[in-house]
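Presented below is the structure to which this report refers.
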Amino acid sequence: MGIALMFLLALYQMQSAIHSEIIDTPNYAGNSLQDADSEVSPSQDNDLVDALLGNDQTERAELEFRHPISVIGIDYSKNAVVLHFQKHGRKPRYKYDPELEAKRRSVQDNFMHFGKRQAEQLPPEGSYAGSDELEGMAKRAAMDRYGRDPKQDFMRFGRDPKQDFMRFGRDPKQDFMRFGRDPKQDFMRFGRDPKQDFMRFGRTPAEDFMRFGRTPAEDFMRFGRSDNFMRFGRSPHEELRSPKQDFMRFGRPDNFMRFGRSAPQDFVRSGKMDSNFIRFGKSLKPAAPESKPVKSNQGNPGERSPVDKAMTELFKKQELQDQQVKNGAQATTTQDGSVEQDQFFGQ
């Protein structure tokens, strides 16, 4: 059996070699326009031409090649037909099937469908024998989509078609890469209220960024202080203060660097300096003139109290002692000077 098969293959190869021989030197004169009375050009010494033209059918010639022809060209300079063969061609179709070609070129035959049948190959509707439920099950089975709805997108495994691509068991309302979080929350928010800004942990959304336990009315980085930053002991509302209390203004009723005192009415006005400036604990109101003198002084204006007399005596004694010490020091200095003069003249 093997020898017979090899013999048949050898015969087929020889036949193919004979039929696929191409003329190397074509007859240019044979294709040229000549008069009808001219003689026919002599035949060439070619076995293939002799075999083809040996019979009476000179008007028709048929050639068979091993490879299919991909391109047919004409060389007008040589008056020849140029054939380009396709070595790795498709498998020959012995019969053209227009339905198969239409199915192959169908738009519904999408690329990268693995294990699924084409829509054209499905049985027509109404051919299912049974109820509507069985018909739907047969349709899904025929689609061969592994128990999934054909409306799902490509490469979706057991997920709801409403979900976006690459979502595994998550709600489609959630954004991409959100794991078990509320879709109202922003990206990368873990257990926080969606009204809060980014990177806010347990704070109300009314507060500004980086505020810890403070009211939103306070400015940035204010810890338990009033609205007016760096104002100590003053009213927190500038708009509610009187114009007399403008900070860092000199020559106004609100005296700068005054502690516990009220503003005088004539502070640095008309070139007059107030006596209470930079004085601590002094009353602004001057002492009222005494309308009634002391009773002890009304009767005897010349008499003094015993305390005044004692103080006067003490001051007098102190002055006398100081005068005596001063006189003694002057006398000692005079004596020393006279002794030095005597010694100088004695020498």
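Cβ atoms here come from the backbone N, Cα and C positions, even for glycine.
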Open item on the list: Looking at Phe165, Phe232, Phe247, Phe256, which residue has the phenylalanine amide feature per Swiss-Prot?
Closed with: Phe232
- [ ] Check the candidates Tyr12, Tyr76, Tyr146 against Swiss-Prot and report the one noted as tyrosine amide.
- [x] Tyr146
Open item on the list: For the feature phenylalanine amide in Swiss-Prot, which residue out of Phe176, Phe250, Phe267 does the record point to?
Closed with: Phe250
- [ ] Could you let me know which of Phe201, Phe209, Phe220 shows up in Swiss-Prot as phenylalanine amide?
- [x] Phe201
TODO: Can you dig through Swiss-Prot and tell me which residue of Phe154, Phe198, Phe229, Phe259 is labelled phenylalanine amide?
DONE: Phe259
Task: Candidate annotated as phenylalanine amide in Swiss-Prot, where the set is Phe111, Phe179 - done: Phe179
Task: Per-state residue totals over the compositional bias 'Basic and acidic residues' (305-320) - DSSP helix, strand, coil - done: 15 helix, 0 strand, 1 coil
